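Colleague: One structure, pasted below without further comment.
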């Protein structure tokens, strides 16, 4: 549905109030908004790689860019820093993020590659930005903090550390926002490659984007089993979310960075955004950052 190619399209968020899909292109340092009504993509350039974007209750967005949390005012394009983190780790940046059921923004970090396929291990962390702008560190020694969401009863937090090739479930205290007691939920099969972004559907099942696996998979958190696979027409599938007027459509982002010229020539859809219909299941609306 979006032909404008992204180097590293990520973190799609359906914004009902704008009837639009908001997402980031991490490596192009842009926050983007696509309208299915006009088919137009608007974007705001920022001064660092931007790992994630989420909706703010009072309008505009909260973003995680470089190693800081910030607000983005879409109309003026102004970026206002909330807090700087990890200033002792110049090679780190924020990656995926999402707002919890109480309006707190969870986002995690990772080390950038120093050469193709080479990165320092366990340099990342997972943070929570509270509505009063305070921050706590929830996890340490993470490789690539990624895909996150909450169970429908708000008692479980799901998180992906991509280089563990796994989805983990944590107990989650909705009152304090704290997570604890990680358990392995699902380990990816070889052909599924590496887990990236993730979302939950209205039946409480998880959808995981498989980067270099060219697919999204549906996992039942009760059984820890994969119950569905949807193949996509390009390998570097990065994230997914539900949207559309009744949240019955799934939007899927992809990337072309990481593909060599020979592969790129054979991958005309790399970096585009796709819509999957007919899944027979709906998603749930996104939470808003409560400040």
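Glycine too: its Cβ is placed from the backbone N, Cα and C atoms.
Any TrEMBL annotation is an automated prediction that lacks curation.
Quick paste of what TrEMBL says about this protein:
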- 196: active site, proton donor/acceptor (ACT_SITE)
- 10, 146, 196: divalent metal cation binding site (BINDING)
- 93, 95, 113: substrate binding site (BINDING)
- 8-255: domain 'SMP-30/Gluconolactonase/LRE-like region' (DOMAIN)
Colleague: Taking each of the binding-site residues 10, 93, 95, 146 in turn and counting other Cβ atoms within 10 Å of its Cβ, which one has the fewest?
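Modeller: Taking 10, 93, 95, 146 as the binding-site residues, the minimal 10 Å Cβ count falls on 93.
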Colleague: Going by C-alpha positions, which of the recorded positions (10, 146, 196) is nearest residue 95 (substrate binding site)?
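Modeller: The answer is 146.
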Colleague: Can you tell me the CA-to-CA distance separating residue 10 (divalent metal cation binding site) and the residue listed as 'active site, proton donor/acceptor', as a whole number of Å?
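Modeller: Cα-Cα, rounded: 9 Å.
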Colleague: Output the one of 113, 196 that, of all these recorded positions, has the highest number of other Cβ atoms within 10 Å of its Cβ.
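Modeller: Per the Cβ count, the most surrounded site is 196.
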Colleague: Would you report the average pLDDT that the model assigns to the domain 'SMP-30/Gluconolactonase/LRE-like region' (8-255)?
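Modeller: Looking only at the domain 'SMP-30/Gluconolactonase/LRE-like region' (8-255), pLDDT averages out to 97.
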Colleague: Select the closest residue to residue 146 (divalent metal cation binding site) from the following recorded positions, measuring between CA atoms: 93, 113, 196.
Modeller: 196
Colleague: Within the same chain, and leaving aside 10, 146, 196, name every residue whose CB is within 8 angstroms of the centroid of the CB atoms belonging to the recorded divalent metal cation site, in sequence order.
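Modeller: Counting only non-site residues, the set is 11, 95, 96, 144, 147, 160, 162, 197, 209, 211, 238, 239.
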Colleague: Other than 93, 95, 113, which residues of the same chain sit close to substrate? List them in sequence order, counting a residue when its Cβ is within 8 Å of the Cβ centroid of the site.
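Modeller: Along the chain, the qualifying residues are 26, 49, 51, 92, 94, 109, 110, 111, 112, 119, 144.
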Colleague: Could you measure between the residue listed as 'active site, proton donor/acceptor' and residue 93 (substrate binding site) for me? Cα positions, answer in whole angstrom.
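Modeller: The Cα atom of the residue listed as 'active site, proton donor/acceptor' is 16 Å away from the Cα atom of residue 93 (substrate binding site).
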